[in-house]
Every structure is written in structure tokens, then in C-alpha cells.
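These notes concern the structure reproduced below.
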2 protein chains.
Amino acid sequence: MLPLTSRSGERWRAVLAGVLVWLAIGAHARAEDGHALWLRYAEARPLDMEDTGIGLGEVTAPGATPTQRAARDELRRGLAGLLGSAPRFREGPGGAGGLVLGTPDSSPWIAPMRRELDGLGEEGFLLRETRVDGRKTLLVAARRDIGVLYGVFHLLRLMQTGVELDGLEVREVPQVKLRVLDHWDNLDGYVERGYAGRSLWDWHTLPDWRDPRYTDYARANASLGINGSVLNNVNAEALSLSHAYLRKAAALADVFRPYGIRVYLGARFSAPIELGGLATADPLDPGVQRWWRDKADEIYALIPDFGGFLVKANSEGQPGPQDYARTHAEGANLLADALAAHGGVVMWRAFVYAPDVAEDRARQAYDEFAGLDGALRDNVLVQVKNGPIDFQPREPFHPLFGAMPRTPLMMEFQVTKEYLGFATHLVYLGPLYEEALRSDTHAQGAGSTVAKVVDGSLDGHALSGIAGVANIGDDRTWSGSHFDQANWYAFGRLAWNPRQSARDIAADWVAMTFSPDPGVVAPIVDMMMGSREAAVDYMTPLGLHHLMARGHHYGPGPWVDGGPRADWTSVYYHRADARGIGFDRSTRGSDAVSQYAPEVARTFDDIEQVPEALLLWFHHVPWDHPMRSGRPLWDEMVHRYTRGVRYVDAMQATWETLRGRIDGPRHAHVAAFLAIQRAEAQWWRDASVAYFQSINGLPLPAGELPPPHPLAYYEALQFPHAPGDGR
Amino acid sequence: MLPLTSRSGERWRAVLAGVLVWLAIGAHARAEDGHALWLRYAEARPLDMEDTGIGLGEVTAPGATPTQRAARDELRRGLAGLLGSAPRFREGPGGAGGLVLGTPDSSPWIAPMRRELDGLGEEGFLLRETRVDGRKTLLVAARRDIGVLYGVFHLLRLMQTGVELDGLEVREVPQVKLRVLDHWDNLDGYVERGYAGRSLWDWHTLPDWRDPRYTDYARANASLGINGSVLNNVNAEALSLSHAYLRKAAALADVFRPYGIRVYLGARFSAPIELGGLATADPLDPGVQRWWRDKADEIYALIPDFGGFLVKANSEGQPGPQDYARTHAEGANLLADALAAHGGVVMWRAFVYAPDVAEDRARQAYDEFAGLDGALRDNVLVQVKNGPIDFQPREPFHPLFGAMPRTPLMMEFQVTKEYLGFATHLVYLGPLYEEALRSDTHAQGAGSTVAKVVDGSLDGHALSGIAGVANIGDDRTWSGSHFDQANWYAFGRLAWNPRQSARDIAADWVAMTFSPDPGVVAPIVDMMMGSREAAVDYMTPLGLHHLMARGHHYGPGPWVDGGPRADWTSVYYHRADARGIGFDRSTRGSDAVSQYAPEVARTFDDIEQVPEALLLWFHHVPWDHPMRSGRPLWDEMVHRYTRGVRYVDAMQATWETLRGRIDGPRHAHVAAFLAIQRAEAQWWRDASVAYFQSINGLPLPAGELPPPHPLAYYEALQFPHAPGDGR
């Protein structure tokens, strides 16, 4: 070395100074505001990464198609964050081997694997550490480009969560065909049951302005394998099917296409009248049939890979085939026939309200739909909510699962927390989804889980689907809070594979979103895993349901009575009186239990066998009924209300221990929301205790504090502008 | 130097590598999405900055009060960006002198200047390069902390715009006392006439969650000297005055206070009925008076520096004193008396609609208010829109300016572009504001400009104010587009000093927002300066006004007729017939001209003297009237419509030349919006030409293309979900 190196030192110092200029700017701009979701790629541990010996910074990948370029872009973004520098894209594997991406058609290094890859279907992928020309190489291989993109996201997830890449061998195939987000977004930007700001879609500037956030939305979904997006509310406006709006939807479809996401639309059944000027929307009317065929042709001319329609018909005031004395099957088949030639599907919702109040609302979907099994076209899925009422903190699984073997049943989960504290409550829904999917319908004997119904394996359906009612809006966090991102994430992961564990998914999410440090992951995962049960406790313990305030569904309203429909009140559901509480759905009551397979029905019907978590769902129970804890029912109820509040205390305490291990902005945001949740959990507990005490006149168990206000105080609280109200 | 330096080079290289890791992450995160507004501090030119010899990286500044800390925080942020490293805060001026901030009370180095600073008032400041202990030092001095903060922002602006700091001497005192943004934000988050997403205020999570964007909003306003914020719509809900919402407003006031911003509320006149349960809101009723006094006491207990009320009364259906046969003065004084003890003011709007349609809507505010001069309490300002109709692309100045010498008249500008193409059209409003402020009322002879009325100097008022109807929402750009930020910026700068030049302000804004490179600033400023005249041309040339489509005010609707009120139609305003076009407001017509001072009235009354830009505002003119260009009126109209469209072509061409000099994301965003503007300018031109041709039957001038569609096509266009519609 020559003394020249002293100049070299100076030069590097000068470069460093220049870099620091930009760093200062960049660092200032890098607010941890949650917008990067689980794709932060920020916990750089470069040494760990280099240790694999694979040379991840060298990438051989095709870039000819939009999806191929999306995979390269994501690798560029991800590896720059994780390795500290952007990868180099090469023509072929080099000295260090590196990453090799492709399909048999796009890559000569993948071509020899054609036969093996055929087993992965259209969307599956393979990650394999191997040797190419003697060099240690990591393959991301698939039959189709989209599989490669999914593989890239999978690999980046492994890196973000600290998984050892040495000797890697991963084969992933999605278990469900349609993995769809339902956006209940109105065309004016309002999101029904949305707690994350306005609709992501700026219909006014579409199709001309394609906001970059549309691409980020597609990236986030592709990272989970979500492959469909219903753009507008199930309470649909006919206008969404007008040519002007179809052009807007087509612009979104163009943005989403490279990420494997198809666009669907909510279709208003009476659109032939409102948009087409016809006199009827009768599904058997030839003019109506022609209108829908023409409309489908128009749509596919603009959106060649249009997914299909989601329909809410004859429910809560929406038009439908029953307006013409036709069945749901006749209605669904009308649309299915229009779409069939183009490969589209109809997702027909089983969430229906009869014009007259039923003796037991929980029975209605089964009563209307079970008999239609076999009457629907091949391209119709019946979309069924996880439980028979409406996305309550806890419901038994929906009795239609297992009851329509000839029909693909699409699961409808709610990701947005309409009944679970909006975006301010930390409630991880993974356990709720898992509980529903693992429920055993016994439709074909033990082990006939809801997951097997949904993924089509129980009844041999090639068509299968899971839908999640999205919790996404234009809020900077996308989901209205940092922790609600986990629900989007968990939904997507379970849609890909309904047998995954909610805890494992939470662990991945925490590692990617906050930090892979086990000292961060473990306490947060624990906190998350108990959070849903806590919400059940402080809102509706022991199988209680539908006790929220009217309209906005924010806060407690067990006293809600009167109004347009009995089955929109709380007293209809809890049936509390001086003697006891609960809805008798046993064989001695509404007999809703008999909608389940006999093995299940027997368990639910028996007050001694029914899980306590569902006790008051299925039985009217005396206040002094002895519970497994040894407490009488009333004492157990109060115990659980209070336990739910205590859990939020514990979450606050845990979160406090993470101060300094989580970046300041997000720590403060979550802490503020936990404080809101704490106060509202107490409110739920106090209002519920005050109300039920007014019914049963019983004293509180020893050690339980009385509500600080009289019942009238809670009843008088008004929230005319609570977000997300239907309107 | 020893060979050791070779190791030094390696060491620096290693540090650099580490830095690059973070840089890659930071750079990835630093999307140029416009969220930093004009406070990007990103165009680092460190060498220029170091050349001053002042040592700007060394700062002596107190940090005891929230406002002092805000000044330090802003310097830290700004200098880190502009100089490349965060400044050092010291106990006193050091070797390099550096920056010294403070007031006589907070800084021993400023204390000797007490007498000199007294001349700066409560909000003024002084920037001065001087020597302290023989060291070159830059002082930022003021009587009060807020003046120091304003001085810091001023200094940072000078640095951002490349002004030479050597020998700096700046004295700034705001010319207007109340510099206020009016947010027409409903409590449900909807923004009336808002084109930038939802309300910035998340009422649902307030007061518990104080979103960091509230602080950024306050910073942006303080950087301009804006010192007031009316949080809710003038079409106010009584609920905004309830205790629960006052607590929410108080949380915002707490965030804003360090930045010198007071909170005001829109007050619904009938709140004593709706909120207080009284039978009347009659301003002479003692119970009503007591209710408002009690309400004021309640507010000031929560918000000690509450600014006061903004009131829209007896206008467009709002309640008001006339409901009880009382005058606007009696109504305003009711609220003024309640606030007086606390130092609050009432901003009472002169924008009124009589229940009956007037012969000439333009006369109404004057007819109702001019006679009340002298009847209002000292703490009442009458808030007057810039023109007598409603924020049209061009209006003459409002005749009330100059007509109420005993009353402080507060200017109300609209920053949101309700009638100027929403957020998608690039229309810089600086020239509109400038034109209004420089208009000569002749109230006390020549030179009695509107600016002098507004700043109180013409009539010797200590109380003065300017309000801007905000264009701010939760859109990432804050204003719905990058260029609409310039209108917020220009409003704030002109509120501080109404005599500033719109062009100079634009130049500052461009330098701060995009780049101080003259090759960027000059073409963009030129583009901006002509943009408002272009919108006048393609929408409503030659004094035409109020020709937009009904309700949403998006797009042309010169055919609008019928409906609830004649003065909400277009035909009422343009009065086109086979003979001619325009509203005769001359002495031979509605005589609205006589509301102006005689010198002004004479000019407006005379078809030969009236500025052509206002011709059809004041006169009904034959289609063949010879214009100064030599063209007949009809040809001139068509010429101007087309000229407006051509201007957008030119803006597109200019913007295209800036590709590569503006960051990609913002360049693309603006380009997309210009394309929308281009198409919509053409639409305005074509629809207007088609309509007026249907009235006058005249051929198009040579070279003018006919509209591509028949008139019926334009009339049939519907936009049920155009943003910002009143509701």
C-alpha cells in the first residue's frame, strides 16, 4: 500500500459525509407509521444472511412479463432492506450461485424441472437449495409466473422471520382456489363497517390516475396469496356496473393483474331496471337474461380476466329473485349463465333476512338454502358467514357447512371488526378463524372439518373459496391500527391454507412487522392469542351474542328493544328474565340444533355437554345454574366480564415492557389505542352488569365492583358519528 | 501520515457500508409523496450553506417552553436536511458564533434588545446577522416565543430558497391579527367542498389519540403564520358544542398551542334548543343569553385560549336571529357578549341567502349588512367573501369592503377549489387573492384597497382577520394534489402580509416544494401564474359566473334551470338569449353597481370602461358587441374558451420538459392530473360552446372546432358521487 491510501481514507470520508446528508434526510423521512405493513424489510441482519453461503445478492430472474418484473422489483426492495444493498440481476447463475427464479418456460435453469413442477398447479411454487453447475443456488420455481412471485414473497418472509435457508426445501400449493377480499366500499368513498378511513379506491380520479397505493395493495395481497378483490359493497349500487365505472374497475384490474389478483364486483340484482331501463329484473325474463349476458360481454371486453359477481339478494332490503317469486337458485343461475362463457363465477351470499321476523334468526340461512343443494350452476359458490348470526365475537360454526355437499360453500369471514371493538381494540382474529375452520361438522363422520368443506376436499369440489370482509381503507396504517394489519395478514395466510396455526401466523406477522427478536415476538404473540377471548369475555361471554348498541355496533346495548325488527334487537337474542338467560335453540326450543349433523346436534342440545363457551347460544339457563368452575351462572358471567377487562390491563402491562424495543411512533400509537380499549372494555363490563342486574336483581359476587353509573347513564350514551355505520 | 491510514480508509469504507445499509432502507422509505409539504428540507446544498461563515450548525436556543422546544425541533429537522447533519444545541454562542434564538426573557443574548423588539408586537420577529462577543452570529429574536418560532421558519425558508444570509436583516410583523383556516369538516369526517379525503380530525379517537399529523398540521400553519383554526363546518351541528366534543376540541387545542394556533368552533345558532333543551334561541331571551354565557364558561375551562365562534346564520337553511325577527347584529352580539369576558371573538358571516329569491343575488349581503355598521360589539368581525356571489373563478371585489368603516371586515377566501376544478385542476389561486386584495374600493379616495380594509389600516381597527376555507384533508398530499398545497401556502403568506406578490410567493413555494434550481422554479412559476386565468377562460370567461352543474359543482352546467331557487341556477346568472348575454347590474339593471363607491360604480356601470374581464358580470351585452380585440363578443367568448384549453396544453408541455428534474412519483402524479385537467377543460369549453350556440344560433369563428357531441350529451352527464358535495 502506498501513502496514497491516506487520500483514500479522505475520499471515503467525503463519500460518507455525502451519504450522511442523504441519510439524515432519509432517516427523518422514515417515520414508522405502519404503512409498509409486514413488508418493511427493515430488520437488517446482514451477517446472518451472508452466512448461508448462497450469495442472495446475485439473482438470475426473467423480466419479460409484468409478473416477472413484479418479482424482481420485490426482490430488489426486500433484499436491499434485508441484506443492506440491492441485489444484482444477472443473466445466469454466477460464481456464488445465488438466487434463480423462473418457470420451465422462462428459465433454462428451471426447464428441466417441468415434470416435477406440474404437481404444483397454477399457483404453487417450490423453494429449493440445490447446486447448479456445482454452485450453491436457491431456486424459486413454479409452473407459472404468479407462482414464482408467491415464492419470492415466501422466501422474503423466511428471511424476515430468521428461518435458516441452508438446505431449504419448501413446496407450497394453495388449498383454496378463490382467496378473496370483499370490500364493502360505497362509490362515494364511504366504507360500510370500515374503521380505516375512506375507500382505497378514488373512483373520482379513476381510471386516469392510478394511485401508487393500488400497487402496494396488490403487493400486500400477493405476499399472502390473496387472488381476488370485490371492489364494491355487497349493498351494491347499480352504477358500479355502468360503463363509466367499469372503465374505472378495469384500471384497477390492470394494476392488480401482475400480482395475480382478479377483480370482482358486487352486483345489484335490480340493475337491469335501474341501469338498463327494463321493467323487471325477473331471472326468468328473456330480456333480463339478455341484459346480463350483454353486460358480461361488456365487462369482459374491458377486463378479460374479470372474476365474477358477489351478490347479496333478498336480505336487509336488497332486491333479489324472491321479489319475482323465484328462488335464490334461479337468481344465482341467471348471473352464472351470463358469466359462464367467460369463466366467471357467482358468489351468492347465504346471509339473508326474511321479510318477516323468524322465530329464530339463526335458522334462516339453512332453511332457505339447504334445499337448493344441487340446483345451482357449476360456477356458483354459496358464500356463508362463519356463524349463523353475524360475525359475533363467538358463534358456533354455520350449520350450512356440511349440509350442501353438492355445492361449493365459500367461507365469509369478517376481517373488519364490526362487532369486535372497531380498529381501536386489539383483537387478533386468527383464533376465531382457526376455531371456525377446525370445527367438525361430522357431515361425513368425525374429522369433517369446516376447513375440508371450504377447501372442497370433503366433497371433491374443484371450485372453492374463502372471502374476508376487508378492514382496509386509506388510513396510513391501511387497517386503522397497527394490530389490525395482523387480521388482514392472518386471513390471507389461512385462505391459502386453512389448516395453518393462528399462533404460527401471528409469530410470522410480529417478526415481520415489529422485529424478529424472540424477546419481542413471544410476548406480543401471547398477547394477541388471548385477545379474542378477552373481547368475548368483556362483550358477550358464555355464548351471548348480538348485544351491541343499535346501528353503529359500537359499545354495549343489551337493553336494545323495539325498532323495525325484533331480530335487530338485543333482547331477542339474550332473552334474559328473572329466571335465567339465553336463547333456547335446543330440541325443546327453536330446534336450531337439529340443523347440525346428529353427533353435533346431540352435543349442542345437551346442557351438560355443550361447550360452556356456547352455553347461552343454545340454552336458556337459570341464573343459578352451576358452572364447571363451581360458580353459579350469574357469578361466572360477572367473573368473565371482569376477566376480559383484566386481560386488557395485562396487555397494557406487556406493551409497556416493550417500550424501547418497538419504535417510538408505533409504540405510542398502540399504547393510546390500548388505553381506549381498556376504558371501553370497562364500559362493556359495567353496562352489561348493570343491565343484567336490573333483570335478575342478584347481588354481585364478592370482590366485584359495582358499575360506577346507574343503568340509565349507559342507556343514554349516544354516538351519532361512530364510524362505519350502515347508511 | 503513516501507512495506518490505509486501515483508516478501510474503516471509513466499513462505516460507509453500514451507512449504506440504512440508506438503502431509508431511501426506499423516502417516497416523494408530497406529505412533507414545503417543509421538505431536502435540497441540500451544504457548501453554499457553510459559506456564510455563520456556523449554522451551532445553535443557542432556550428549550423551557413548548414553543421554544417546537423551534428547536424545527431547526433540528430543517438543518439536518439542509446542512446534512443535525445542529448542536449549546449553552451560549461558541467559536463559530452560530444561531442565537430567543426573547429578552429567555435569552441573555437577546435581553439587551428589549426596547427594539417592543416594536415587533406579539408575533413579529427580527433576523439579524451581527457579532456577539466578536463572533459572527445570526439572531432570531422576538418579544414572545411564538415570534421566535415564526423567525425560525422564516430563516429556514430563506435557506430553502437559496437567499444569501450574509448581512441578513429582516423585520417581520404580521399585518393582520387573525389568520385563520376555516375547515368545513363535518363531525362524521366528511368535508363539504373537500377534495382531499376525509377530515384531518378523527373525532372518534379524540381526545385519547393525538395523531402525529395534528402536530404536522400545526407546524405547516406556523411556518406561514396562520394562527387560528375553525375545526368544524359553518353548516354546524350543535353537537360540536357538547361537552364530549369540546373535550375533543381541547385535545387539538393542546396540540396546536405551542405553534401559536387557537381553536375556534363553528356555532349553530339554535344550539340552545338542540343541546340545551330550551324552547327558543331568540337572542334577546335571557335564558338563551345565559345558556351561551354558561357554554362559553364551559369552553374556556377546557380551552383557556379558545378563539371564538364562526357563525353562518339565516343562510341556506341555517337557523339565525331572523327566525325570531332579530337582526344579524342582535344575533352576533349575543355570542359576542358571552365570549367577551374571555377574550373571544365572533366571526359572523355576511354570506346570506334570503328566504325569497332576490332580484339580484349579488346585492344581498350588502343590503342586509351595510346598515348594521356600528351596531356590532367590538369583538365581532363580519366575515365577507372576496366577491358578492360565491368563490367564482373571477368576481369583482365584494361591495361591503369599504362600506362598513366602523366594523372589522374579515376576508373569506376559498382555498379549496369548489368552483375551480377540484383538486385535479392545476389552478394557482395566488393571483385571485392578489387581485381581490389589490382592488381599490375608493372608500376613502384612491388607494383604499381591499387589503387596507382587511388589515384594519384604512379605518384604524386593531382587530382584523383573513380566513381561508381550507383545502386540507387526510389525503397523503394534505390538499388532494401537489399543486393545491401552493394555495394553502399562498393563503397563509398573504394572510400574514396582504401586500405580498403572488408571483414571489409562488417562487418560494416551488423552491421549497420541488427545487430551488432556477431552471425548475422559473417555468413552474410561469405555469402557475397563468393557470387561474386559464380556468376563468375555459370555465367562465368575460365575467360569466355560476355556470357549474348543480349540487356537486363539478363540470359545466350553463343549462341548469329550475330547482328550489332561481339563484341556484345558471340561467339566472348568464341570462343568455337570442340577443345577448350577461347580468345587467348597471344603473339600468339591478343597480348592484351603486353598492360600490361612486368612482368604482361609474367604471363598472359604463360598458366602455368596465374591465372586459367583468363585462358580463355587470352588463347584458349583444352577441355582436365589438370587443377590444376587434372580435365580436361571441367570437371572443369562443376564443377565450379555446385559449383556456390551449393553456393546459402548454402546462402539459412545460411539465414534460421537467421530467427528470422533478422526482418520478410527483412528476407522474402531476402529469396524470394535468391530463385530467386537459380533458375537463375541453369538456367545459365544448359544453359551454354547444349550449350558448343553442341559444344564439351563431356559427363558430373560423378555425374553431365544433363540440364533438351534441348538447344533449353534455346535459345528460351525471356525477352522483363527485366529491365534496354539500349534504
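Using the three backbone atoms N, Cα and C, a Cβ is placed for every residue, glycine included.
Residues annotated as domain 'Alpha glucuronidase N-terminal' in TrEMBL: A:37-155.
Per TrEMBL, the feature domain 'Glycosyl hydrolase family 67 catalytic' maps to A:159-478. Averaged across the domain 'Glycosyl hydrolase family 67 catalytic' (A:159-478), the predicted model reaches a pLDDT of 97.
Sequence-distant contacts of A:Glu316 (active site, proton donor), defined by Cβ-Cβ distance under 8 angstroms and a gap of at least six in the same chain, are A:Asn235, A:Tyr353. According to TrEMBL, the feature active site, proton donor maps to A:Glu316.
Just so you know, the Cβ of A:Asp390 (active site, proton acceptor) picks up 16 other Cβ atoms within 10 Å once every protein chain is counted. According to TrEMBL, the active site, proton acceptor annotation covers A:Asp390 (among others).
What TrEMBL lists as active site, proton acceptor is A:Glu418 (among others). Proximity of A:Glu418 (active site, proton acceptor) to non-local residues of its own chain (separation of 6 or more, Cβ distance below 8 Å) is seen for A:Arg193, A:Phe391, A:His553, A:Gly724, given in sequence order.
Sequence annotations record features per position, and here TrEMBL assigns domain 'Glycosyl hydrolase family 67 C-terminal' to A:480-703.
Following the DSSP three-state reduction, the secondary structure of A:Glu418 (active site, proton acceptor) is coil.
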